[in-house]
Amino acid sequence: MKTRISELVSVLNQYAKEYYQLDQPSVSDAEYDTLYRELVELETAHPELILPDSPTHRVGGKMLDGFEKYSHVYPLFSLQDAFSREELEAFDQRVRKEFPQATYICELKIDGLSISLTYEAGNLVVGATRGDGSVGENITENLKRVADVPLTLPEAVDITVRGECYMPKASFDRVNKQRQEAGEAEFVNPRNAAAGTLRQLDTGVVAQRGLATFLYQEASPSEATSQSQVLEKLDALGFVTNHEYCLAESIDDTWDFIEKIAERRDDLPYEIDGVVIKVNDLAIQEELGFTVKAPRWAVAYKFPAEEKEAEILSVDWTVGRTGVVTPTANLSPVQLAGTTVSRATLHNVDYIAEKDIRIGDTVIVYKAGDIIPAVLKVVDKYRKEQEIMPIPSHCPSCQSDLQHYEDEVALRCINPICPSQLMSKLEHFASRDAMNIAGLGSSIVEKLFGAGLVHDVADIYKLTVDDLLTLEGFKEKSANKLYQAIQTSKSNSAECLLFGLGIRHVGSKASKILVEKFGDLETLAFADQEAIASLEGLGQVIAKSLTTFFASEGAQQLLAELKEAKVNLTYLGQVVDENAALSGMTVVLTGKLERMKRNEAKAKLEALGANVAGSVSKKTNLVVAGTDAGSTLTKAQELGIEIKDEAWLESL
């Protein structure tokens, strides 16, 4: 019985691979169904014999309560975008300045959702969304219902891989036809359909929707020496990789590939929105490293966005939290990239002057980065006798004089008590990526500000339930709920607070780097500018912005008030002692470990102060090698790098 079940699982998985991955089915649907029903009957009679890679795991559904947060062991970085050949050439120049011998690999940019798959001993244990790159959502049960995601691998390896989950065009058309017949709203585009499907709490729906994947990265330390070898390894392990890639000796080669793919784009069975260009050599990737947000060794070329004509009906001017005054055009509605667009950014006053944009003009509208509607240019042939657009001289919020500095393209309100700026700062402070105060959105901020209850972020922590009950729409329950959310936010780790302060140029990733290094905001407030600038991924711009902010009397007063309100100013993550055994060292983990899981070994190395890298380079200080270490160990030996084993790591 056990042998027959094993045979059926093996045969059915092979047939599924032929159908879903190779598009070369060797048996009829009827023959597959007969074998599948036999397997179901055997598993029903003998549930103790069900194998982890049985295809029956992919069908049927169960209702999930929700999705738990999942902290990625290996962060997922976003990519720097490029929209022209000139920007690609600038990327190439930056790479070749340090590595003139570098070559590239060009891969299609699939228009789907980034996912991470983690296997232990060859079994799928976690499937997660990208989230913010550090924390995503655990959607393992849903990803198990995606037909081409391997439930087990042919080798009992520990590995984390990255890729894209998408909805093929054929599946999209089928699903939308079904929704239309059922009287349900159709999905706007395949990407939205894939996103909605992966967020389903009913796993049975996921199984029916026909999602697919392309995997392209080994996130855990790799034995490969190039990105092309990574793709070959993923292929060998049973993952679906996209074979529409090319190796390029120069940026000219990459541009040739981009042009050829652009011509074939509509004929592909899936949506793409560009081409990703990566340095192929993993050692060079390691040397180039990362900025705060993105790798220096890759760039995502985005295809030109869809464009439509629309008329500018009027222009609104709004003030953001940094005082920048932004013009937004109100448009005659147009359908653009699957959505109705009636507003589009005009960027700034210099852009309006450069393009000579006027109210009443017919303009070309597109979605910048396929996300933000923007005005590209005026259609001159429709120009009538419109007047030059009036530019405001006073802030639309506080009526203060606006400034237009020579080195800036935007108008700016410099009034420190401008209501719009203050409210925007409060909204940002309460936002999910900052202090995450649930329920404190723009409408509530406006009410609090209008009632004179808050003027800066410290005032939020002075609010009482009675204060909230004075606001329109608040009852005892809602007031207590918001009050508790405010109190809960006091215990956030300090990087949330630092990001929430809205210091110019200091984003969420930079905030974490800073508080990890300095431990708390009071220490950071007195840090030397050069000490800040020297941190990996930061630099002088962020350092100057921070030191200028904390040097102000207002910032010192704000910190004092937050401390008095018992808001946590300390980093609550793992802090590494500067005297730790591996402090400041770059360590590569390679080979098969006998007693520790790879993520446990990585966590221990980091706790000891090490920066764990994915491949050996000149910057590597130490290699911890298990069995079957392969080429990584060989390269380390050639470079004279110190080698240690698992027993040594355990002894620390």
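The backbone N, Cα and C atoms fix where each Cβ goes, and this holds for glycine too.
Pulled from Swiss-Prot:
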- Lys109: active site, N6-AMP-lysine intermediate (ACT_SITE)
- Asp29, Ala30, Glu31, Tyr32, Asp33, Ser78, Leu79, Glu107, Arg130, Glu164, Lys278, Lys302: NAD(+) binding site (BINDING)
- Cys395, Cys398, Cys413, Cys418: Zn(2+) binding site (BINDING)
- 577-652: domain 'BRCT' (DOMAIN)
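Across the domain 'BRCT' (577-652), DSSP helix (H, G, I), strand (E, B) and coil residues number 24 helix, 18 strand, 34 coil. Take the mean position of the Cβ atoms of Cys395, Cys398, Cys413, Cys418, the recorded Zn(2+) site; other residues of that chain with a Cβ within 8 Å of it are Val319, Gly323, Pro396, Ser397, Gln399, Ser400, Leu402, Asn415, Pro419, Ser420, Gln421. Taking a C-beta cut-off of under 8 angstroms and a sequence separation of 6 or more, Lys109 (active site, N6-AMP-lysine intermediate) has the following same-chain neighbours: Ile272, Asp273, Gly274, Val275, Val276, Ala300, Tyr301, Lys302. Ranking the binding-site residues Cys398, Cys413, Cys418 by other CB atoms within 10 A of the CB puts Cys398 at the bottom.
Least packed by the Cβ count within 10 Å, out of the binding-site residues Arg130, Lys278, is Arg130. Each of the binding-site residues Leu79, Cys395 was scored by other CB atoms within 10 A of its CB, and the lowest score goes to Leu79. With Lys278 (NAD(+) binding site) as the anchor, the candidate binding-site residues are Cys395, Cys398, Cys413, Cys418, and the one with the nearest CA is Cys413. Mean pLDDT for the domain 'BRCT' (577-652) in the predicted structure: 79.
Straight-line distance linking the Cα atoms of Cys413 (Zn(2+) binding site) and Arg130 (NAD(+) binding site), rounded to a whole number, equals 37 Å.
Cα of Cys418 (Zn(2+) binding site) to Cα of Leu79 (NAD(+) binding site): a span of 35 Å.
When the Cα atoms are compared, Cys395 (Zn(2+) binding site) and Arg130 (NAD(+) binding site) turn out to be 39 Å apart. The distance from the Cα of Cys398 (Zn(2+) binding site) to the Cα of Arg130 (NAD(+) binding site) comes to 40 Å. Following the DSSP three-state reduction, the secondary structure of Lys278 (NAD(+) binding site) is strand.
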